Structure formats: structure tokens, C-alpha cells
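Novice: A single structure is presented below for examination.
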């Protein structure tokens, strides 16, 4: 240790022996700090100056005048008005030609052109063939790497502004009509208009209530389908081998569900598939009957019991068809189809066939029971009973097959048209429809989940029905209050009911959700967030400059003057001055970041400790690489520096970078230095800080191994490389 201290003291004496050496040491100390401070300060709040980015807006919108609103709507003009009050970017309002040409020339960073049919396309929101309105967005990606990303945010802001403006305009216009009526209440004809308005509100409430009732009917239909599916699976399972096919068909019943109308179609589709499964089960009855009755002499008791079980299963089928018959009859009776329409007649015919099928199954069950009794009464099976039973089974199969085909061609399309009559009312509750889409989009393809998915459909239908009922209740309550006000004869009361602030309500409906941002481990600015990256990359640069500007090895004369120290003593003793300069670099850089740049650190002492440990590791790395590998070591230092710029998790999250960067990152010391400094700056969670510091310190172990063990055998090789390089008269 004495020799190591002697070498260190001699190095310090030599570095302070003249002004030039002192200036070099001061330069090595200051350069990393200047690098860090300059970049942190420059990046402190770049997004706060986006108002200087010129963003061109060209409005060619011609507006929309139609029957949907009793006024002309120009969404483009309203967007322009809103953007004039927005200081996020330097919005420049110009013509479409100048906007596009200015973006090409670099005058504007980006441009948005609102097309002529913008308002018209927006208003297709209310039609069956709704289309998405589009904006023409141009950006000059040649000007700057980050500017297009910032202007993209401006385009997103504009898109959100348009959506909010659209919703506010429509709501404000609709409520404005009501406000106009309020303003005209003092006229003689006002009361009649208000009564007509109230009648329409009451009618709408009734329509919503009827829609809710219909949805609950569809929910009951789903229950019937579930019962039919269960009984069909049981019956087909007894028929040896048909169960998997039936389950597969039941799986398909839930596959195409995507929205409220899709939920109804899915329920009807499940019933259709269940009919096919039921047909397969009935088809297997003939074989099952022959099997049970074929060996009556030896298995009379078993055969009779099997026939009784078949009779019970068939009765369950008959009961399910009866329930399905009643549900479909209820839906048809409550529909809005004309009494003399062909569709109603076709639906009624299909429903009647359901009843006929139920009666046939009841007769089959009775015949099965009777046949079982005959089997018990006599040993020889009555061949006539057997044939009659098989004939009834064949008749039932034929009936069910025809019913299944008719269900696909008539009932299913008919019920879909019935469901369409409630689409307009259901549209008013888009959130309920979206919920149905999300739930129904997740339906599984396995038979084991078929019943669960039908339950999900039922729950969604019930939820939508509840939403419709709630909306109907609100409208009904409003209608009741308005009716009472009209009955009282007080126009002031009527005004109070109607004129409750259309503008405020429109704004609320346009933007019903506000984002409450709660930062966890907050950082005061963008520059502060980049401070760890812009601190440790310069420190590594400073460590690299040290091994370039200072000699890593001692010449023969100096070793003799010091008493010929051993190789490991020379390595450790000479490193001490590099370590001292690295501590000076870290202290000056991180201290200035806290005191001069004013970066806030929750744990300032840990903040400084991170810099000190990182400085030791960085300087030991560069010192060891050059001491062990010579000029090749300098190249390795530069290579690691380059990799740390991207792979240290300092700027971009590693998860968005290529796989090879993620693979290299754990082997870079700056990765752990940056991680530890972030914890010291923003706050520590668990043992994150100490784990990062420990991982950073682990780099010292392999570096000492290289410097103390591998360095000596490599000295001759390094001398040979240096000698060959010197012969070129170009490489030093």
C-alpha cells in the first residue's frame, strides 16, 4: 500500500508542477460539466416553445344545410375559431394552395386542409351509411427529426377539437331550438306548440320503454335457447358420437356477436344451431330404438328403462319447443309489423310449425312410454309398436329438419327486421351498444363456454334494457313536469322547465370526461428528466479524454526512480490520479446540476453519491481498457460510449428499441448509473436505488481482474502492436 501511495503522490506532484498541466486537469474536470449543463438547460422545456412552430390551416369547408338541423352548419369555421384561441402552435390561416406550397418550401412545418365536404360528411353521422370525415394533413419531415412529431400532436389536438366542436354544435343547435320555443312562449300559439312538443317527448319515452321490453324478450329467448342447447347436448350424447358435433355447432352460435343487433342475431343463430343439433339427436332415435328393442328377450328391463329415459328427453325437447313457440309469438305480437304484411304471415306460419313440432314430440314421448309398457308386459317386442315408434321419430326428424331450414330462411331474417325497428331508439345509448360489442366480441369458440356466452348476451341485453328504461324514465319525468306546468297555466313555470341553459349542457355533452393527471414520482421538466442521461454520457466522455490526454503507463526510468514497483502496484497506484480527477468531474458536474441548473433531487446526497460511484467505474473502465489493450482499448472505450448513447435507457425506453439494444443494455455501466440517479432525483421505490448502485459497483470486479491478472501477459503483445504502428510513421 505504501508503494501505491508513493506512486499516487508522485503523479499529483507532476500534474501540479506547471501551469500547462494544471490547465489540462481543469479542462478535463470542466468539460463533462459543460456538456451536461448545456444540454440539460437546452432541453429544459422545448415543448413549451411549440407556439413558434408554424402550422398552416386552410379551411375549404362549404358547410351543410339540410333537414337534420334547421340552420346552416359549418364545422370548419367553428374549428378555425377555436384554433385562433389555441396557443399550442403558431397557427397560420391561409388558402389550401399556399398551405401546401408553404409546407413544401419549409415556410410551414405542417399544414391541415379542411376539405369542401367536411361538414356534409360529418353530418352523415345521422344516416345509415355514415362515413368518417377526413382532414388532409401535410408535414415536411425533411426540416427536423422531432418537428413532425410535435406537429402530429397538433394535428391530434385539432382532430379532438373538431370532434368536440361537432358534438357541441349539434347539441347546442338541438337545445337552441327548445330555447327558441321558450322565448316564444308568450305568443298565443305557444301553448299548442309546447303541448305538441311534450306529446313527442312522451311518445319517445314510450318507444324507449317498448324497446326495453323487447330487449328483455330477446333475453328470455336466450334463456330458451340455453335450455334447448342443454337438452340437445344430453340427447345427442346418448346417441353415441353426436355430442362433439352438437357442441361444435353450439360454439358457432356465439361466434358472430358484435353489437346489440348482433346480440339478437347471435341468440337466434344459437337457436337455429340447437335445432340442427336436436334434429341430429332425433335422427339417432331410430338406431337407439332398434338397439334398445333388438334384444328384448335378454334385456327387457334395460330396454324398457331406456325407452322411458328417451320419452323423458323427448318431453324435455317438446317443452323447450313450447317455450320457444311462446317467446317468438310474444315477440311477433309486440312488433310493429303490419297485420297484413307477408313477413308477419311467414313468421306466424313458422311459429305455428313450432307448435306442430311440439305436438309431434309430445305424441312421440307418449308412444315411447306406451312401448315401454308393452315391453314390460310381454317378452316378444311388438314389431308394430316398434315400427310406429320409428315412424314417429322419422316424422319428428323431418319436422325438425324442415323447421330448421325454415328458421334460417324465414324466421331469422324476419326477426332481424323486427329488431331493426328499435335501432333508432337504441342508437341514443351508444355506450350500451359499445359495451355489447366489447362483450360479444370476446365470445369463445368452445362448446364448454357456449352456455356462459349466452349468459353474457343475456346480461348485456338486460343492461341495455335497463339503460333504455332509465332514459325513458328521464324523458317521462320531463314530460310529466312539463305537462304539470302546462296544466297550471303558468308560462313562467314552463320556461323554468325548458330553459335550463343549453350552452352549458352542450359543452358538457361535447366533452363529458376530463383527464385528471396525477404524476407518480414527478419530474419538474423535460430537461430534468434527461439530466441523468446528459450527466453520465459526458462523464464517460471525460473518462475517455483522460486516457487520451494522460499517460496510462509509466516509462522505465520513472519506474526505476520509484523503486521498480510491481505490475499490480503500478496499475493501482497510477489509477489513483485518474480516480481523483473522475471524482472532481463528478462533483463539479452533479453539484452544478443541483445548484446552477436547479434540477430538484429528492435525495441530494444519494444524487451526488451516484455520480461519485459512476465516475470511479467509468474511469476504471477506460483506464483498464487502455492499460491492458493499448490503442485497441481506446477503440473499445469509444465503442462502449456509442452503445451507451442508445442502450443505457437514458432517452428512449428500451421496450421500444430493437432486441439487440435490449440485449446489450445490461452490460453497459451507464444503464445502472442512470437508473440510480433517477431514483435519487424523483424518489425511491423499494430497493431500486441500492440494487442499481450494487449492479454498477459489480463492474469493478471484472475490471480489476483484467487489470491485475490479464494485463501483464498482454504487455508484450501491446508493445508489438505499438512497434508495428510506429513503423507506419502515421499511427502513434
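Using the three backbone atoms N, Cα and C, a Cβ is placed for every residue, glycine included.
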Novice: Scan 511-532, 533-554 against TrEMBL and say which stretch is down as transmembrane segment.
Specialist: 533-554
Novice: Which range is it, out of 1-19, 20-38, that shows up in TrEMBL as transmembrane segment?
Specialist: 20-38
Novice: At a C-beta cut-off of under 8 Å, are there same-chain residues at least 6 beyond the transmembrane segment (20-38) that contact it? List them, or none.
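Specialist: Counting only partners 6 or more residues beyond its ends, the transmembrane segment (20-38) has Cβ contacts under 8 Å with 14, 531, 534-535, 537-539, 541-542, 545-546, 549, 581, 584-585, 588-589, 592-593, 596-597.
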